Each structure stands twice: as structure tokens, then as C-alpha cells.
Amino acid sequence: GRPVTLFYKGEDIDRDLYEDEEKIASVAVTQNENGLHIKGLVGPQHRIEPLPVVGRSEDGLVPHAIYEIEQDEMLDKALSHSEEHGKAIISARWNSIRRPQPPRVPENFTVELFIVLDRPHHTYFSTNEELLGYLCVMINSVNLRYGPAIAPRVKFMITGMDKSTNESYAVLAKQSNNYIFDEGTLSNLKGYAHDREDKYGHPDVVYLMTGRDVYTVINGKASVNGLGIGYVSSVCTYFKVALGEDRPGRYTGTHTLTHELAHVLGAHHDGDASKTNGHPGAKECSWDDGHIMSYINKGPSHHQFSRCSLRQIQYVVRLAGQACWTIKSNGYFVQGQYPGSVVVPSKEFCKDVINDNQTVINNVTVNERTCKVQCTYFKRDTSYGYYVNRMWLYYREVDALDYMSCGGTNVCIQGVCVRKPKLEATTWAPVVSTTEAPTEAPTTTPRVTSSRCNCCSDCGNTA
């Protein structure tokens, strides 16, 4: 017969609630005319529920499915300019004797963004054109989320990329080079970027996009749940750096990039007050509302900034000054393409999201109501002893990428299924070329239009 989850044996359950503190399991067991039903937690990351089918399976048992609990989508840190030294140092921009604000703030602020890529990320792409196109498409999605920012309007432009080889900024785990430490790497990154300021073209922000797994330390314990880190209100300062994970070719780091750049532009996590006099902070906006500067994902709000975030970004950008506002670089752009235009909701997409070689993808659908990609998959699991050992059916939902199809002529944009709009020429996104030839390439390469090529192959070693 078809695989079903048979989680129970009669002798193991003698009451409605079954708990296992060691396994962090807690399930409620009920029985009706259709059979035995189990609902609850079967571990820290999974829940069990009866499958939505009529009646029992062919062997007389109620089919159940194990669902992967959608954890907080990200865990990051937002540092003040020198929290690593144990004290708060405020940028001169916030000083009570700061120079008067220029009288005229520009209508538009183009944030010049330079991206550093480590070897696990940039070696995925076989040509600079492919990597550039990938970054341009990602920044198009980022700019969608900054659309509501006004006075000034904010748009990001990639002015170059450094396909680094020496990686002197990286603080890697002793046990494995596949893990990169967030705070130590960020601290090194600011000096790394400052030393290459001229070669990078004096950008407003430098962002490290890593193909490694970011780990952090919380209460003295290492955690691989970290996704990114950045200095708050650091745009156009010595501390203008941030970093985040991305699975190359899959756009998984789009939300992290959006979130960390908001830190650099002045946004704290929703619900947090600012320690800087005059800075509006985010105390008035609830973390539980689930906007971009929260980790909670309730749907469309997860793709939108709260009013507090927009107010903080406006405050910091208006104080940045003429030197920061002035555009110093030209750039590239990809016209009218977004991550969902390039990556389709396929079994390959789900397998990459689940990232487990032991899984077999069963089905892939896009929920038109929620704009979630639904991945169902089978996996053999023998971690619990009180169930019949068969292939378990798992289920996971992830956010659909911008412009993924959600039925007919509709596409998902910021978590909402809408009629596909006419695409305009969107973002600028520049590049730098290198001489290295990496190993693997994505299947689709967006066409990049350029006005200048800023070449930089491991900028620290370039004459």
C-alpha cells in the first residue's frame, strides 16, 4: 500500500495526552468512528496531524503526516557601532553638536551597494555575467520592499562585486570551514572594506553574501540558526557593513539582505527602543505583527516594513548628508526580472529548500491564497521507537519568490497573489568582472545592461 505515517502502538498510549520531555514530544490522542487521531508535537521541529482524507487507509489505520514546523525564518544580530567592545559608541552623526542638517534632502536616495562574495558562493557561477544577473534580480526584489519609503525614496544600486579568494575577513568554525561566525566576521569585514575603499569606489554599504552557514553565539552557546548581522545606522560610515547567508542560484538570501540593509539604514527590530537620543526607534511597532524587522512570518506583512521601520530609515537617511546622498557610480540593471521569473516552483526548488539528501519530493504546489510553495516529501526516520517504521510523509511551506506563478496569469508579489503587472525597467545593478572560472552555473541567466564595468577580482590583490 501507499506509505503512511503510523506513529502509534496501542500499548504506548493510555491517555489522551502523551508527553516525552526528552524528545520534546506532546501529542493528544482521540478516537472516533474513523479510528485513532493524533495531534501535537513530535519533537522540537515537527508536528503530527491526521491527513485530510476520508476514512481509513487500506490497512484500517488513519493516515497521519508529520509536518515540519515553520521556525522563525531568521535569526540575526543588530549591533551598535562598537557593541563588540562592550559599550555603546554613537556615530558623530548623532552627536548633539553635529553640524546642521543640510536644508534640502533629495527626493530620491540611491544607496550604492558593493557586494563581497566568498568562495562557496561565487564558485557556483561559471561566468561573471551569470553572477551579476543573479545579484541584479535579487536587488529588484529588495527594492520592491523599499518602495513605501518616502522623503526620500530609497533604492539600492549594486556598484560592484568582489569575488574574494583570500577571505581574510572570514572567521570560520574550527570544526568545519562550512560555518562562518557572524560577529567576528563582521568586525573583520569593516576593516577589509575600508582598506579597499578606493578599489570599491566608495560605496555607501558593503555587504558580504556568503554561501556558508552563518553561526552565532547566544548566551555562550553556538547556534547555526543565525542568518545575518549588521551595524545599525551605519550607512556611509566606517561601520557600513553587513553580511548574510544565501544559497547561490536559489535567492534564499533575499529576505536576509532586505533585513540587514534596513539595519544599516537605521531600522531596529520591531518592538525595540533606540539607545540613541533623537532616533525614533521601533518601540511602537509590535514584533508579533510579523513585518520585515521581525522574525515572525504571518504572510504578506513579512514582506513589508512596519511604519516604525520606515520612520527610522527616513530619519537616518535624512541625516546622512550630501556626501552620502551623492551618486558616485554608474551601474548595471536587469529589466523587469525577479527571482520567481528565474526560479520555478519545482521538485528541484523544494529539494534545495529542504536541503536533505535523504528526502524524496512527492509533490509541489503554490497556494494561491497564501503565496506559499507547498513541498510534500517522504523521509525515513527512525529517531522515535514508538511507531511503525515506514516512510514518513512530511510537509513544508516556504514563501513563494516574487513573480512566481500562482495560477493563470497571476503571480506572487510580496506574499500576495495578484494579476501580473506590466514590468517596467527596474533596478540598477552593477558588476565587477574577474578572471576566475567557477564550476557550476544556474540554468537561467538574466540579461544585464551596463553603463560601466568596475573590475575587481579579489580586490586586496589587485594592482
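Yeah, the Cβs are placed from backbone N, Cα and C, and that goes for glycine too.
TrEMBL lists 109-329 with the feature domain 'Peptidase M12B'.
Counting every protein chain shown, the Cβ of H269 (Zn(2+) binding site) has 22 other Cβ atoms within 10 Å. For H259, H263, H269, the entry in TrEMBL reads Zn(2+) binding site.
E260 (active site) carries a helical DSSP state (H, G or I). Per TrEMBL, the feature active site maps to E260.
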Could you round the CA separation between H269 (Zn(2+) binding site) and E260 (active site) to a whole angstrom and send it over?
-> 10
H269 (Zn(2+) binding site) - helix vs strand vs coil (DSSP) = coil
Most Cβ neighbours within 10 Å, among the binding-site residues H259, H263, goes to H259
